[in-house]
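Please read the structure below before turning to the comments.
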Amino acid sequence: MSSTTGAEVLTQGTGYGVVLGIGFVFAIIMMGLSTLQNRYTTYKISTSEEFNTASRSVKPGLIASGIVSAWTWAATLLQSSTVTYEYGICAGYYYAAGATIQIFVMAILAVRVKQIAPYCHTFLEIVHARYGNTAHFMFATFGLVVNLIVSSMLLLGGSAVVNAFTGMNIYAANFLIPLGVCIYVILGGLRATFLCDYSHTLILMILIFYFFFWTYTKADLVGGFEGMYNLLQQASIERPVAGNQDGSYLTLKSNYGLTFMIIQITGGFGTVMLDQGYWQRAIASEAKTAVQAYLMGGIAWFAVPLTFSSIMGLAAVALAKSPSFPYPGGLTEAEINAGLAAPAGVVTLLGSGGAAAMLILLFMAVTSAASSEMIATSSILTFDLYQIHFRPDASPESLIRVSHIMVAVWALVMSCVASLWIGIGVSLNWLFLFSGTLFTGAVGPVIFSVVWRQQTKEAAISGALGGVVVGIIAWLSVAKTYYGELTIATTGLMYPNLAGNLGACCSGAIISAVVTLIKPDNEFDWSATKRINPRAREMDRKRATLSDSASGPGSNSPVEKEKQEDATVDVASAKDDTTIDIDVPAEESAELQKSLKVATWASLILTFIVLFLIPIPMFLSHYVFSLNFFKGWIIICVVWLFVAASITSILPLWESRAAIKDIFLGMARDIFGGGARKRAIGSSNTDA
């Protein structure tokens with residue numbers, strides 16, 4: 001892909017500075033945070049449980065922030081604005097709605113994981129416990145394919161924007177963007193990704209607010225709400241949207257927009273349900289707050305593409321004929337496929353300063369999501385391949401070492417694959433629309449594996465493979481029938497991808513359900529999944545015992561901390577015990593069952609609201625926005641974003657106040673107390 005020079009308003013040095021400088025700054029920050037965590041808390045990143053699951057102790061605000069960060073890809077900002085440029089204001093809503101319901105469904109699955117496999121590392125361990133090696137290898141392949149496509153899409157979008165703004169070599173960007181991310185993930189593990197997710201999300205929110213207030217209150221080219229409305233009305237006359245009511249950009253009656261939402265729903269189920277990153281957040285969360293975390297995360301994330309597309313997507317439409325627009329006459333098909341609508345809008349409104357802000361925004365989105373993909377893939381490669389199939393008796397030390405290696409390996413692999421897509425001419429838009437056809441056939445069987453006791457191994461395997469076959473046949477058949485040839489161009493159009501995504505997702509679930517109903521497994525009782533990872537169960541019990549014994553006088557003493565550290569190491573080296581008691585306490589079981597009901601009803605209600613109650617009446621009524629309705633729509637978007645910012649930026653700080661206090665007090669004792677800790681330990685050893 002050659003450099004796209006239309007929006008090149010920054011120097012190559014700026015591009016390299018952002019890509020390398022910010023990445024290494026975060027790596028240094030993580031080094032400091034990891035040091036503080038190791039010194040002043042009981043969670044040590046030298047253990048595989050802490051590295052890969054954050055000791056299953058993360059509170060809901062930080063989980064919600066992590067969900068927003070992980071689901072805010074480059075495509076979230078670029079693709080939502082691109083489809084808004086193509087189909088109007090409806091597309092931002094359809095993008096957000098189509099990719100939010102999966103997070104709501106994950107709230108249900110998060111509770112189920114806590115019920116049936118509270119100490120697992122990955123969802124694939126559940127598959128292995130239920131169905132054995134063959135099914136496990138197959139679903140691990142699906143999981144790795146999803147991670148590979150998502151990871152490469154992140155770089156594909158990020159490198160395209162860096163190249164467009166700075167002229168930086170696009171292949172160099174592909175390899176340099178993951179470098180800093182790889183370093184801080186290795187340094188800090190999963191908890192590090194949560195902390196960086198928090199900082200990335202905070203910066204993301206600040207910049208989106210900045211873009212909003214500048215666009216609708218300061219930009220002379222726009223002229224406020226009324227000016228934007230008039231410009232969009234004029235654009236509807238000059239460049240009417242096919243399939244929209246009156247060709248308008250200000251309506252939810254959009255045939256292609258609704259089609260895009262269906263593709264987004266089906267493909268989104270694949271990229272959430274088969275991505276270990278989202279299961280990892282469920283595993284890392286506290287059992288009693290997992291539902292809150294996912295519901296808050298879904299509600300908060302919805303505001304990001306909805307608001308951003310209503311700013312930069314609409315700005316690109318409104319200002320496409322402006323002399324300041326970097327692509328004279330509007331975006332070409334290639335520029336649309338590269339996701340350059342939002343960058344074009346930013347440059348038109350804010351020039352080089354806006355380009356720098358957008359570059360940072362995209363870099364935050366790419367790196368935060370990439371960190372999630374790295375640690376997720378590392379978990380699969382470590383626990384599902386290395387431990388289960390090669391070294392069942394692997395020590396915690398070897399597991400943490402392999403995890404580190406796999407993070408670095410995946411950073412290299414995702415860079416190579418992103419470069420491959422560019423080399424063969426596959427665009428971000430093509431990959432985004434097609435990817436669901438390739439893997440959503442496995443969605444139904446994976447969900448059934450967690451919620452349906454009677455599903456059989458044969459049903460799971462046949463559903464996943466059958467879904468892929470049906471999806472690909474439908475995709476190619478529609479492309480050939482409608483457009484007469486099979487090319488990258490025709491297979492990347494809307495209707496073939498609608499057929500492929502729907503065919504794969506629906507047939508996978510249907511085949512699995514039918515095979516199960518014909519011959520169900522009536523003997524399975526979840527005991528096999530509850531026995532996963534007994535070492536972690538013993539670690540938790542030991543930690544609880546230590547916590548109880550440390551509640552008396554002197555519990556905060558340095559000596560007690562040393563005892564806790566030594567005990568944790570002793571337990572981490574314990575051998576697996578398959579005779580371990582797997583019964584969940586009655587009180588905890590009742591609480592989880594209650595959470596499951598809350599998650600189910602909340603997910604159903606929220607899904608009904610965002611998919612049916614709001615858009616369908618407006619679609620069927622063929623309503624075109626009035627000026628006042630447009631103003632109200634935009635104001636609701638920014639208010640929603642404010643709520644999202646409160647959830648993802650303020651709540652985690654409030655939840656972490658005790659830990660922050662302990663760290664500061666510990667630092668103060670070390671700085672002003674000198675050798676108090678050493679003296680206490682020395683005294684204890686002398687007494688002994």
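Using N, Cα and C of the backbone, Cβ positions are placed for all residues, glycine too.
Caution: TrEMBL annotation is automatic and unverified by curators.
The transmembrane segment annotation in TrEMBL covers 15-36, 57-74, 94-113, 134-156, 168-187, 194-216, 256-274, 405-424, 430-452, 459-478, 498-518, 598-620 (among others). Residues or ranges marked as region 'Disordered' by TrEMBL: 537-570. Sequence annotations record features per position, and here TrEMBL assigns compositional bias 'Polar residues' to 546-558.
Here the transmembrane segment (498-518) does not touch the transmembrane segment (134-156). Their Cβ atoms form fewer than 3 pairs under 8 Å, with each pair 6 or more residues apart.
Non-local neighbours of the transmembrane segment (405-424) in the same chain are 1, 147-148, 151-156, 159, 170-171, 174-175, 177-179, 181-182, 185-186, 370, 373-375, 377-378, 381-382, 431; each lies 6+ residues outside the stretch with a CB under 8 Å from one of its CB atoms.
Of the candidate ranges 94-113, 194-216, 256-274, 256-274 has the most C-beta pairs within less than 8 angstroms of the transmembrane segment (430-452). Away from its own ends, the transmembrane segment (194-216) comes close to residues 26, 29-30, 33, 54, 58, 62-63, 65-66, 68-70, 72, 184, 188, 222, 224-225, 228, 284, 304, 307-308, 311-312, 315, 346, 349-350, 354, 357-358, 360-361, 364-365, 367-368, 371-372, 634, 638, 641, 644-645, 648-649, 652 of its chain (Cβ-Cβ under 8 Å, at least six residues beyond either end).
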